[in-house]
Amino acid sequence: MKIRSLAAVAAIAALALTGCSGSANDASDPSAGKTLTYWASNQGTSLDNDKEVLTPQLKKFEEETGIKVNLEVIGWNDLQTRIQTAVTSGQAPDVLNIGNTWAASLQSTGAFLPFDSAALDAIGGKDKFVKTAMDTGGVPGEDPTSVPLYGLAYGLYYNKAMFKDAGLTPPTTWEDMVAAAKKLTTGDKHGFALAAGSYTENSHFAFINAAQNGADFFDAEGKPTFTEDGIIDGISRYLDLMQTDKVVDPGNAQYDNATRAVNDFANGKVAMMLTQSNANSSISSQGMKDDEFGVVAFPSPKGGTEVATMVAGINMSIFKNTKNKDGALEFVKFMTSETTQAALDKPFAALPVLAGVTPSFTDDAELAKTFSDIYENKSRPLPLVPAEDQFESTVGKAMNQMFATIASGGTVTKEDIKAALTTAQQAVEAAS
Amino acid sequence: MSASTAVKNTGPAAGATGRKARKPRRQGWWLPYALLAPAVIFELFVHVVPMVTGIWMSFLKLTKMFISNWGNAPFVGLKNYQVALDFDSAVGMGLLKSFGITIAFTLLVVGISWGLGMAAAVALQKTFKGRAIFRTLFLIPYALPMYAGVIAWKFMLQKDNGALNHLIFDNLGLPGDKPFWLIGDNAFISVVIVAIWRLWPFAFLMLMAGLQSIPTDVYEAASVDGAKPLRQWWNITLPMLRPVNISLVLVMFLWTFNDFNTPFVLFGGSQPPAGDLISFHIYNASFLTWNFGSGAAMSVLLLLFLMVVSGIYVLFMNRRKDNA
Amino acid sequence: MHDTTGTKVFRVVTITLLSIFTIIPIYVMVISGLKPLKDVQGTFSWWPETLTIQPYIDMWKTVPLADYFVNSVIVSTVSTVLSLIIAIFAAYAVSRYTFRGRSLFSGAVLSTQMLPGVLFLLPLFLIFVNINTNFGIQLVGTRAGLIITYLTFSLPFSIWMLAGYFNGIPRELDEAAKVDGCGPMRALIKVILPAARPGLVAVAIYSFMTSWGEVLFASVMTTDANRTLAVGLQLYSTQTNVYWNQIMAASVVVSIPIVIGFLLLQKNFVAGLTAGAVK
């Protein structure tokens, strides 16, 4: 009988599958003392590339400590959902990477191990980290639940040849930047490319532009203050790059990913872009040589506060319910040690999060200096409040929408911005 | 889909039940239950128990403060429902808008898909050379894995580099600026078109199967009587397809209303308000704001709505059948 | 019988327009998979300036597509086979027996089609985790977990279609078998199943396609160890680039087995529908 044998095959297959599934990672494994599960975020050109970079380090860790690390690299599309389900269910890795902007939000779930003084000592002390980076670890005044792993910062990338041909020098003020962009917007070339359809990028620049005006999205009590004038002005200034200055191709409104702007920049379609310091590898992979572009700090308007970036980057957290706390701390210590950092900063184009370490992400000393300066002196952490993630999604999506309106021929006034931010604020308040 | 069951129960199965009843209940009474057991177990495990859990979640304040420790999540009664239905608040307004968009989306997608499916099924009803090729071709979008088909559309619908704008403006030479398809108000048109592209072959398939069961001599008799093709369609085809249509429309309605995949793949993280379909809206309400209680309440409301609509539909269809 | 001019025009117009509508995205997918990355990032062209099969080579490296392929094949096949067996039993019971709770079962099973996936995504995940904690059976991040989920997803529609199909098989056939001394199970296997072949094929195709293309649950329930193609395809947009040409090439590769399988069996599928769902 065909069906009968099919059934038998299926039953055997099902048994075999359940049987072999025990080999998958699990924190509740009895041999937990000897293993760790680690979720790494996608930092390189592909998940595979990340694995290639990390594996030798994990081998080294195993040789040193006898602890085997089961690595899973998770793409950014999935990372947040995976973390959420892990938090909800307790079925979690021991150690994981998080976008440092989520640190305070994740801290409020109570699912992560607070780095109290003992834990900090175990990983080599708080002072080994750059202070700006360490500040992103969680809500101020509480034990952080994450420590910095890779540093990143936004920079204003410019095309050297295009600037030279137009007789321009890299801008140092917002006004210069807009003037240069206008001059460079000719024919099918544009002065600027923005990831105007990416809500994360948009929320970051809402924050940075507001910070340049001295405005904050949350007050000292953690209450949202989205409708402050400084915020509205900052967002309006940023939107105007497309709306009134017309130095951004309206098509950018559907750039839902920072890489789209990088493509345009590398292909010589735009003269400037705002992107994070790890863009170099994608620029060069698209055929633009390292000496063809330069980087300066994203400039503030005259008289504004000098804020060029938020403190971007990746932090490391330990799940509270780990069966191998000592091993996890040991692993965080290893990953944030000078040798490991030196090995990883270059392939992942990361800025050093360790104090007193010279950047190794690029061979270009000037570029390294520029980014170190931006990261250490011209940066602000995004709001360190539990509702930070909602700030990103509500404000970022509102800005997506405003860019879409502008791009399809409409206008966005300051009243419109205020109305959109009021709705965003209501949504944040409703959720808390 | 209970419509179809209800309808079908008056069909062949009804005859069966009468005869079966003569078997004494004692002997082998357990057999049907044993046969159903595996299905029941899996349904309980994957559908029913999680659904009940979901309903329970909708009464909890399940925000990120409590998510890692459910036991401590406070019971808030109907609060989540109140927030979702308070149309003066941002949350309620958002849900209402999304609901309205989804209704428009569903009506358009189901209506047009049915129309296209019907047109194609009728056009291919009679044999002609190459019929098999077209039949095969039309079924490809249905056979394609969802992700592959929708991502191809996403690629085509880009503004500057997309095939659609290239076709309309560069090839056909229409005047005007290339519009956006994935952001702004056009996003609604896009998601409707993509959903139709995926769904209409299913309507075609079902209707084609239905047409095959209509004996050709009925048409022959009609054409001898001099009935025009359109009349034939109205007087013969449509009534004969009624049983198919009853279940087809309901199934398409439920699938389309609950469609998550199309907007999820087409828009990704930057979903425009015009394409804010309700499943994706609830997904975002749950996962983006970590408010799983509120998301569950919205899902329950959606479920209630679908149950009411399906129930009315089934009642209405059965009554019409009885009257006929 | 002669067609009127109107009928002919209707037929030609319908077929032409629908063919264009159907073909364009498929053509774009196929042709874009044969372009270098630079081309797909620039203005669209109907014919590539440089034709290359490089994306078909690179795509296996950017994403471990081969592993995902294996996962998808195993998950879809096993869930289809199991779902088919379970649906056969259930449909047999519904079609051939009368028992207390019969209509409750039919109604309940089919109303699961109304459930919004988001409502039970998280609860199901939690149940899987609890099973792991309490019984040590790992379901999250394993193929077994996906198989259980997917087989249940296709079960309602399968039972419904098969019950319809079984109803169409004359009862005299299995009565005769019983007179010959066959038990109910032998009657099912020897008489009903052979007669129901097109219905079985239709249901199997439906189940297989359900598992092969599912995204929402897969995005939460899969890890490196059991990731399926449908979610694996998303990984071509990485931190540094969106490999559109490789996405398209991979889409073609992912689609080919299922499309060919479907088209080969479409006659059965239609026949199955005709007898089952349509009646």
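Cβ atoms here come from the backbone N, Cα and C positions, even for glycine.
Small disclaimer: the values here were computed from a predicted structure and weren't measured.
Copied over from TrEMBL, here are the features:
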REGION    B:1-21  region 'Disordered'
TRANSMEM  B:29-56  transmembrane segment
DOMAIN    B:99-313  domain 'ABC transmembrane type-1'
TRANSMEM  B:99-124  transmembrane segment
TRANSMEM  B:136-156  transmembrane segment
TRANSMEM  B:180-200  transmembrane segment
TRANSMEM  B:240-257  transmembrane segment
TRANSMEM  B:296-316  transmembrane segment
Checklist entry - Can at least 3 Cβ pairs under 8 A be found between the transmembrane segment (B:99-124) and the transmembrane segment (B:296-316), with each pair 6 or more apart in sequence? => result no
Checklist entry - Hey, which bits of the same chain come close to the transmembrane segment (B:29-56), Cβ under 8 Å, at least six residues off its ends? => result 296, 299-300
Checklist entry - Other than its close neighbours in sequence, what residues sit by the transmembrane segment (B:240-257), given a CB gap under 8 Å and a spacing of at least six beyond its ends? => result 1, 3-4, 7, 102, 105-106, 109-110, 113-114, 195, 199, 202-203, 206-207, 209-211, 213-214, 218, 278, 306, 309-310, 313-314, 317
Checklist entry - By Cβ distance under 8 Å, which residues at least 6 away from the ends of the transmembrane segment (B:296-316) in the same chain are close to it? => result 1-3, 6, 54-55, 57-58, 62, 80-81, 83-85, 95, 250, 253-254, 257-258, 278-279, 281-282, 285-286
